[in-house]
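Listed features, source TrEMBL:
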DOMAIN    110-315  domain 'YjeF N-terminal'
BINDING   Asn160, Asn161, Gly162, Gly163, Asp164, Asp257  (6S)-NADPHX binding site
BINDING   Asn161, Asp225, Ser260  K(+) binding site
Amino acid sequence: MMALRGKTRAAMRCFFLTQQQLRLPLPLTPSSAADISSISAPSSHRFFSFTCSSLFRHSPLFAPSNQAFSRPISFRELHSSPPSIRSFAARGLQTMPNSDSVTYLTQREAAEVDEILMGPLGFSVDQLMELAGLSVATAIAEVYKPSEYNRVLAICGPGNNGGDGLVAARHLFHFGYKPFICYPKRTPKPLYSGLVTQLESLSVPFLSVEDLPADLSKEFDIVVDAMFGFSFHVQKLVDLDDPTGVRQRTPAVVSVDIPSGWHVEEGDVNGGGMKPDMLVSLTAPKLGAKNFSGAHHFLGGRFVPPAIVDKYKLHLPPYPGTSMCVRIGKPAHIDISALRENYISPEFLEEQVAADPFVQFRRWFDEAVEAGLKEPNAMGLSTVGKDGKPSSRMVLLKGFDQDGFVWYTNYESQKAHQLSENPRASLLFYWDGLNRQVRVEGSVQKVSEEESEQYFHSRPRGSQIGAIVSKQSSVIPGRQVLYEEHKELQEKFSDGSVIPKPINWGGYRLRPELFEFWQGQQSRLHDRLQYTPEEVKGTRVWKIVRLAP
């Protein structure tokens, strides 16, 4: 992210986790040992300090651009990050582009991009750091939900990579996580002091190296590795296997831009670097990221201007919506049986619900709309024909009142045929962001022709033409057939004349005979309240019962 500023210090102090914390040996390689002129080990064995005899010889910043490095980068400039480390661009969470189709930057290219960003394009260090940290936090929140992975330890080095970690921790606090900071070598510059002040104002705990628990897996759910160039010989933060032989969940390790101990272009050359579960690359991934084998690789930032994209012929996936990061490549194999969500929701009690299920549905539907959930009117529609074979599909609710729930479709579709044979159906609404579901069962009948006409002509003209073109559920030779017929009808009605509703198109109304409202709760102790009608003194009322989850 940053161009070179100031002079590199020839000596640095570097932070190590103890062997007990890592649960793995930390041998010094001959090449790294030769560069250590002095080592002191306090009695606590919490950290070591060493002086680099020749930082310039090992720093990628000062190495000739046409030379390869023989081992992972061991140091990072204290005052500013090497350009190769900190460029970043933007992305958003959407489809998963093939990792081979994404541009990977060399050290030299990344350095040039940073010089342009912080030179003629006018970006400042704090702007880029804020975007980087927000991207990291967004990627973490996309994969690791705070209901399951709440306790986050951000281990931050003294440079810009560490600054990204501090910014990410602040955003994670506002996302509902509980962050902790280990920042053993603080940078005295105002930018970093300000980040510390911001975190302290949120009462985010700062832990010294000595305060870290012997086994991080017992205290933290996520560890953010923002130490690149500061702790170069870390293999793992925790052992993946419990001594008893029983597999336990360990902290998810998230590395910022380049995992600690990795070479920018060659990756984890000696096998002694961090082994993250998630890597959040910034700008474009560096060449070393091709060796990343964890489950989640994201690209973050979202600001690279077209001039840089064109100059370096960058292939970067597009961002969906307002997202700040995007996944690169396919995720690693996932154990489907291990996928679960521990829902955290307010209690859903009988004394709190409306006596009328239509009123209760309206409350929940309005809350789904207010929460900004995508297509809160999407519902699963299940039907069964005379052959007894069920069929389900997603449709859109287009209206509801005391008479029932309305949707529109082609009367010659599969669901229409099944409803003609068995005029009963079930609806399912699922509002993931609120941990809620609603099931509705009942009889189905067509709405009036007048009602169908009115709704049809309220639709966009393109959708009206689409309803004519699509012979729903019938076999067609190819998509081009649809395009051609749609184009012909667009030309036919280009004068703005009324588009006639097809005779075989209209609405259905389900009249509810059963409602079930489901609210997800912890440990699978979900709330399920069911409404069914009954007669009380000649009046139809709704009986409410609680069902076991």
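Quick reminder: no glycine exception, Cβ is built from N, Cα and C everywhere.
Those TrEMBL annotations? Automatic predictions, nothing curated.
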Would you mind listing, in sequence order, the residues at least six apart from Gly163 ((6S)-NADPHX binding site) in the same chain with a Cβ closer than 8 Å to its Cβ?
-> Met129, Gly133, Cys156, Thr187, Leu191, Tyr192, Leu195, Ala226
C-alpha spacing of Asp225 (K(+) binding site) relative to Gly162 ((6S)-NADPHX binding site), in angstrom | 8
Around Asp164 ((6S)-NADPHX binding site), how many other CB atoms lie within 10 A of its CB?
-> 36
To the nearest whole angstrom, state the Cα distance for the pair Asn160 ((6S)-NADPHX binding site) and Asp225 (K(+) binding site).
-> 13
Do me a favour and check the Cα-Cα span between Asp257 ((6S)-NADPHX binding site) and Asp225 (K(+) binding site); whole Å is fine.
-> 9
Whole-number Å distance separating the Cα atoms of Ser260 (K(+) binding site) and Asp164 ((6S)-NADPHX binding site) is 14
Taking every residue in the domain 'YjeF N-terminal' (110-315), what is their average pLDDT?
-> 87
Neighbour count (Cβ, 10 Å) for Ser260 (K(+) binding site) | 29
